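Colleague: Feature table excerpt (Swiss-Prot):
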- 31-47: transmembrane segment (TRANSMEM)
- 31-122: repeat 'Solcar 1' (REPEAT)
- 103-119: transmembrane segment (TRANSMEM)
- 130-231: repeat 'Solcar 2' (REPEAT)
- 136-153: transmembrane segment (TRANSMEM)
- 208-228: transmembrane segment (TRANSMEM)
- 262-354: repeat 'Solcar 3' (REPEAT)
- 269-285: transmembrane segment (TRANSMEM)
- 325-347: transmembrane segment (TRANSMEM)
Amino acid sequence: MTRDSPDSNDSYKHINKNTTQKTSFDRNSFDYIVRSGLAGGISGSCAKTLIAPLDRIKILFQTSNPHYTKYTGSLIGLVEAAKHIWINDGVRGFFQGHSATLLRIFPYAAVKFVAYEQIRNTLIPSKEFESHWRRLVSGSLAGLCSVFITYPLDLVRVRLAYETEHKRVKLGRIIKKIYKEPASATLIKNDYIPNWFCHWCNFYRGYVPTVLGMIPYAGVSFFAHDLLHDVLKSPFFAPYSVLELSEDDELERVQKKQRRPLRTWAELISGGLAGMASQTAAYPFEIIRRRLQVSALSPKTMYDHKFQSISEIAHIIFKERGVRGFFVGLSIGYIKVTPMVACSFFVYERMKWNFGI
């Protein structure tokens, strides 16, 4: 007994020391930011690749592409649109614009998750500061940060997906085309703004409704995900929904102040429901944004060189289809967003765990 006790104590101290060294970290450190950014970028890329075919069809519906307007409004139309793409372009047609999507989504998702972690850590430094509005604000601000940095790539992606006239659409040609399009008359009239900057602003067509839509979208997405995590970790669900950890993993989790990980099915459900809630809240703004992004290609604006405003686009949509016009493609949106957000949050949480953050 006397011989075993010191050994046991030494062993315990050794393990405890190693664990402390391994797990001590600063959430504001460069290492943490890089790891969380990498986890976010990978999760976003996985999610977007999963739903790329649905994303292509949704963009064609949202932008009222003349070749696809007859298919809108029903799930049967979705199948018919998919057949049309398959016959004309094959498998490649479903992934048209996907290279631009990946170029955009990796930095977008990386910035979004990093910003969320940092803003949340600032607004909610400890459990007593936890509140619904702080969660909502953290998500909204994270979304605004990411969309500002990556918006031009999103515009290019939409244009690539919108094109149906050419079998092979080149990224460089689309970028040149957007830059050479007529710039905003308001900017052109200002003598102090250089001409190149006016045309660069073409890459921010639809940016304002994007920002307006991002506030509810990102805010509701992160808020709903966190809220559902709380529900699924409640005493009623916890025995079925929370992943069982070994003693060492549990000790490490506590020291790092990590959330208890959910089982796969629970994580996917919380992510999917969060995505549906955020999609519903922000969808009208997304419709306006998509129409603004392709407004320069519309026959009605091709010759008068008019840079349309949000109110003008909203009026056109309402005149064409009424209130339903602001929710065109929402059923596809639900089909798309459920697996996308579920996959995104699931991969992010698992990547964080594997990266030791």
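Each residue, glycine too, has its Cβ placed from N, Cα and C.
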Colleague: Would you kindly list the residues that approach the transmembrane segment (325-347) from elsewhere in its chain, counting only those six or more residues past its ends and only Cβ-Cβ distances under 8 Å?
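Modeller: For the transmembrane segment (325-347), the nonlocal Cβ contacts are 39, 42-44, 46-48, 50-51, 54-55, 57-58, 61-62, 72-75, 78, 109, 221, 225, 264, 267-272, 274-276, 278-280, 283-284, 287-288, 314, 317-318.
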Colleague: When you scan the chain for residues with a C-beta under 8 Å from the transmembrane segment (269-285), skipping those not six or more beyond its ends, what do you find?
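Modeller: Tertiary neighbours of the transmembrane segment (269-285) are 209-210, 212-214, 216-222, 224-225, 228-229, 232, 262, 326-327, 330, 333-334, 337-346.
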Colleague: For the repeat 'Solcar 2' (130-231), what does DSSP give as the number of helix, strand and coil residues?
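Modeller: Split into helix, strand and coil, the repeat 'Solcar 2' (130-231) gives 81 helix, 0 strand, 21 coil.
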Colleague: Averaged across the repeat 'Solcar 3' (262-354), what pLDDT does the model get? Just tell me the whole number, please.
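Modeller: Here the mean pLDDT over the repeat 'Solcar 3' (262-354) amounts to 82.
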Colleague: Mind checking which residues of the chain, 6+ beyond the ends of the transmembrane segment (136-153), have their Cβ under 8 Å from one of its Cβ atoms?
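Modeller: Apart from its flanks, the transmembrane segment (136-153) reaches 100, 103-105, 107-109, 111-113, 115-116, 119-120, 123-124, 203-204, 207, 210-211, 214-223.
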Colleague: Summarise the repeat 'Solcar 1' (31-122) by DSSP state, stating how many residues are helix, strand and coil.
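Modeller: Counting residues per DSSP class in the repeat 'Solcar 1' (31-122), I get 78 helix, 0 strand, 14 coil.
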